[in-house]
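Student: In case it's useful when we look at the structure, here is the feature table from TrEMBL:
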BINDING   ILE9, GLY10, SER11, GLY12, GLU13, LEU14, ALA72, PHE73, ARG74, PRO75  NADP(+) binding site
DOMAIN    5-101  domain 'Pyrroline-5-carboxylate reductase catalytic N-terminal'
DOMAIN    164-268  domain 'Pyrroline-5-carboxylate reductase dimerisation'
Amino acid sequence: MLVEKVAFIGSGELAESLLKGFLDKKFIAADQVWMNNHTNKERLADLEKTYHVHTTQDKAVALKKADLIIFAFRPADTSAAVAEMKPFLRRDQLIITLMVGVPTAFIQSAAGVDLPIVRAMPNTSASIGLSATGIAAGACVSEAQLNLAKQLFETVGTVSVVAENEIDVIAGVAGSGPAYLYYLAQSMQEAGVREGLSEASSALLVQQTLLGAANLLKQSEKSASDLLNAVATPGGTTQAGIDTLDNHSVREAVNACIHQAIVRAKEMSAPFSK
Ligand SMILES: NC(=O)C1=CN([C@@H]2O[C@H](COP(=O)(O)OP(=O)(O)OC[C@H]3O[C@@H](n4cnc5c(N)ncnc54)[C@H](OP(=O)(O)O)[C@@H]3O)[C@@H](O)[C@H]2O)C=CC1
Ligand SMILES: O=C(O)[C@@H]1CCC=N1
């Protein structure tokens, strides 16, 4: 057993995706997990019922003897949450922080103790073991601790070890990434219905098309560009569709979308960098 007790501080969307993935992949067992949040007791009761984990709104109970602590609250709640945890944080606990824009150095100084902190940027596909996660070591993290974090996230997908200043880019590309594809899925499904398919039929066709294309992109030796060319028979339907995307500057829009997400991560980090 690598870890005895895991505390999730913050029990929202991402915490649940990770919890589900870690439990499914048996990295941890439900009775090793304590989930904590701020006010939403109903949410904790639901998590307890669904996953059979421990839940508590008492930080002392969540953190006592926890060897792995996962910070999964929103960036704006960081100062308040760290202040509540401060009396219970110790140097022998490994902390993993998930908040966009919050540097490990800020948590270090807010906690007032040299804590080993790994910054991680997973995505919600962790819930089915398919996250693309970036991790970066803070100042006091040993090689063994970074390896533990790597092993943890490898149970729920791929892991790229990067420098902390690259985490914002990973947030823009991969942390937010699933949402871009859900946006595409929504648009394709709506178009299918508008053109005469039933909602159910359009949803199934789009789901399977995205699944097949993603799997082929991952499994094939070919690049995205080669795979696109293999679909687009010269003078055919695909080329007509792709030309229309180009006419609407969709490639530029995707570039701008990712750039703006990264700009937003940097804006969000400003209050923590003073
Ligand atoms: N969602 C995603 O796909 C990704 C999110 N992230 C990062 O993960 C973090 C969480 O995001 P997400 O799960 O979407 O957010 P949610 O809003 O779904 O969840 C936030 C959680 O934090 C809790 N919380 C707030 N204040 C405290 C506190 N003082 N002590 C303990 N818990 C507290 C909330 O509890 P309550 O409801 O009781 O207020 C809630 O459970 C964010 O920082 C985000 O940047 C990173 C990558 C991907
Ligand atoms: O939207 C957000 O701010 C969070 C971080 C990456 C994905 N969700």
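Including glycine, each Cβ sits where the backbone N, Cα and C put it.
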Student: Around ALA72 (NADP(+) binding site), how many other CB atoms lie within 10 A of its CB?
Tutor: 25
Student: Where does ARG74 (NADP(+) binding site) sit in DSSP terms: helix, strand, or coil?
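Tutor: Coil, per DSSP.
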Student: I'd like to know which of these binding-site residues, ILE9, SER11, is least surrounded, judged by other CB atoms within 10 A.
Tutor: SER11
Student: Check each residue in the chain of ARG74 (NADP(+) binding site) that is at least six apart in sequence and keep those whose C-beta is under 8 Å from its C-beta; list them in sequence order.
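Tutor: Correct list: GLY10, GLY12, MET99.
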Student: Do you know the DSSP helix, strand and coil residue counts for the domain 'Pyrroline-5-carboxylate reductase dimerisation' (164-268)?
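Tutor: Taking the domain 'Pyrroline-5-carboxylate reductase dimerisation' (164-268) as a whole: 89 helix, 0 strand, 16 coil.
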Student: If I restrict to non-local contacts, at least six residues apart, and a C-beta distance under 8 angstroms, what lies near GLU13 (NADP(+) binding site) in its own chain?
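Tutor: Listed in sequence order: THR124.
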Student: If you average per-residue pLDDT over the domain 'Pyrroline-5-carboxylate reductase catalytic N-terminal' (5-101), what number do you get?
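Tutor: Averaged over the domain 'Pyrroline-5-carboxylate reductase catalytic N-terminal' (5-101), per-residue pLDDT gives 97.
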Student: Quick check on the domain 'Pyrroline-5-carboxylate reductase catalytic N-terminal' (5-101): DSSP residue counts for helix, strand, coil, in that order please.
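Tutor: Residue counts for the domain 'Pyrroline-5-carboxylate reductase catalytic N-terminal' (5-101) by secondary structure: 45 helix, 18 strand, 34 coil.
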